[in-house]
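According to Swiss-Prot, the protein carries these features:
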{"type": "BINDING", "residues": "Ser56, Thr57, Arg58, Thr59, Arg107, His134, Pro135, Thr136, Gln137, Cys274, Leu275, Arg320", "note": "carbamoyl phosphate binding site"}
{"type": "BINDING", "residues": "Asn168, Asp232, Ser236, Met237", "note": "L-ornithine binding site"}
Amino acid sequence: MNALYKKNFLKLSDFTSLDIRNIINIACILKYQKKNKNEFPYLKNKNIVLIFEKQSTRTRCAFEIASFDQGAQVTYLGPGSTHLGYKESIQDTARVLSSIYDGIQYRGHNHETIKNLAKYSNVPVWNGLTEKFHPTQILADLLTIYETLPEKSFCNIKCAYVGDARNNISNTLLEASSLLGLNLCLVAPKCFWPNYDFFLKCQLKAKKNHGNIICTEDIQKGVRGADFIYTDVWVSMGEPKKTWHNRIKLLKKYQVNLKMLLLTQNKKIKVLHCLPSFHDKNTIVGEEIINKHNLDNGIEITNQVFNSQSDVIFRQSENRLHTIKALLLSTLLKEFPYI
């Protein structure tokens, strides 16, 4: 029997290092098959429900197309369209949905919600994003890193994450490092460093897998020798604008710009961004923040750097489709097919 059959994916560490490597390998094959239009619909007659308490572009599209490509049917439940936790308990919702569907994707505000969904569900539950973790994003990032540097093992690759190192992306990168030995440097002001106990736990596991994790405020030290610089937005919709002001003031010097790329001393440096990005004034929010805070050419990343690295950044986004597809096959099929 497939070892991941019916297994929940709430955080990256729910899977083993071998599981993650297998998913990346399966994603590579599925990506090749899609490009060559010779996929087989292994998920025919499967039904999947997507619960989105938070809006989404990439995650929703990736889950829907991954399902459709593999022959599964999808129900989308958007913000405000369920009674989850309001008129109907999470426990009852999980029991109802798992009696109808073969799998449940959840994207929302509270990680405790998805933990409770998984606790009372009889089918696999996948995390499309919570405030603590974003494992489906990091699966795509790991595939992108592997494709970009196929000659290197993860323990010989350095990734510098720059910005707010307390968020769901940095938390999940910490787990990736702990499992795969990816060398990770979190470059941020101390007030934006991750929970110490969680950091220490991941650091110890990373060392066992021949990797290293450090935190530093020193940009030059943090990015020197990096193969990848990873950043994310500094502000999220729904947060008070006062929070935006304080955070931008503290993170301003951590903007990913040409000077930072030069500090890596790596002419082949690549930049990762999970998107969306405030690299220009072409969004209402981006224009408001840039004008109000007198920012030069973007917020967390400059327009120049974003566009020069867009091939990798948008490949990250595309790879969500292939890794999510590999995740669905790995957790929904009792016997894994030869593909």
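Glycine is no exception: its Cβ is also placed from the backbone N, Cα and C atoms.
Overlay of Swiss-Prot feature records on the structure.
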residue	record	contacts (Cβ under 8 Å, 6+ apart)
Ser56	carbamoyl phosphate binding site	Arg107, Gly128, Leu129
Arg58	carbamoyl phosphate binding site	Leu275, Ser317, Arg320
Pro135	carbamoyl phosphate binding site	Phe9, Leu10, Lys11, Leu12, Asp14, Asn127, Thr172, Glu175
Gln137	carbamoyl phosphate binding site	Thr59, Leu129, Ile169, Thr172, Cys274, Arg320
Asn168	L-ornithine binding site	Leu129, Thr130, Glu131, Lys132, Phe133, His134
Asp232	L-ornithine binding site	Gly163, Asp164, Asn167, Ile169, Ser170, His273, Cys274, Glu300
Ser236	L-ornithine binding site	none
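The DSSP secondary structure for Pro135 (carbamoyl phosphate binding site) is helix. Ranking the binding-site residues Arg107, Leu275 by C-beta neighbours within 10 Å puts Arg107 at the top. DSSP assigns Arg58 (carbamoyl phosphate binding site) to a helical segment in the three-state reduction. Under DSSP, Asp232 (L-ornithine binding site) is assigned to coil, being neither helix nor strand in the three-state scheme.
DSSP gives Asn168 (L-ornithine binding site) a helix state.
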